[in-house]
Each structure stands twice: as C-alpha cells, then as structure tokens.
Amino acid sequence: MKCLILSFAIFVVLASQATAGNVIIGGVCQDCSPPVAENVVVGGQSYRTGRPGQGTVYINSPGAYLGALDGPIRRTGAGGGGGGGAQYPDGYSGRLPGGTYLHNKDCVGCSISGGGD
C-alpha cells in the first residue's frame, strides 16, 4: 500500500510539472515571491531560472501575449476583417485560452509560478 501511495505521489508531481503553463504579469512586481519557472522574462529580457517544464513567467513584457495587454476586451468575429485574438482590460486576472494565466496589473505580494497562481 505504501508503494502505491508513493507511486501516486510521484505521478502527481510529474504531471504537475508537465502541465505547467505561462504566467503574464502586465505590470511590476512589488514584494512578490521569486518566480518559480523555467524561464522568466522581465521587460523583454529572458532569464533561465528553473527546471524544464516549469513554464514561463513574463513580467512587464508586452510582447508576451500579442494583443492581451492592450485596451478593452474585444473579440473579433469571423467576418470582422481585423486580426484575430482578444484584448483584456487593465486589472483583468484570469486564464486565457491555452492555459496561460494573465494578471494584467501590478502584483503586490504575489506568489508567482509557471503553474499559474
């Protein structure tokens, strides 16, 4: 039974690493925990900080998710004639399509990881 529990615990840890996503913070971080991620991109500069599979954290990097950090929420339709995608307003926090987590404001005291918290 102990072996089964240990096997399950190892599986959960491996699965959580394999499903790590990206976190985008559209502002600055103040008193935040150090980012836990494979890569951290701050102001467009990339730093390799963690292990493979831990996701990527973007801080104050507008190119991280094209269109996500500009203006109000706007979704273009099939006949819209504009570029695809969606835009999210200042202050938006939540998951984007594909599992990326967007925190479109400054982070104060945030715990940041590529797992999306």
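Positions of Cβ are set from backbone N, Cα and C atoms, glycine also.
Keep in mind it's a predicted model, so treat the numbers as computed, not measured.
According to Swiss-Prot, the signal peptide annotation covers 1-20. What Swiss-Prot records for Cys29-Cys32, Cys107-Cys110 is disulfide bond.
Around the Cβ of Cys110 (disulfide bond), 17 further Cβ atoms fall within 10 Å across all displayed protein chains.
Taking a C-beta cut-off of under 8 angstroms and a sequence separation of 6 or more, Cys107 (disulfide bond) has the following same-chain neighbours: Ile25, Gly27, Val28, Cys29, Gln30, Cys32.
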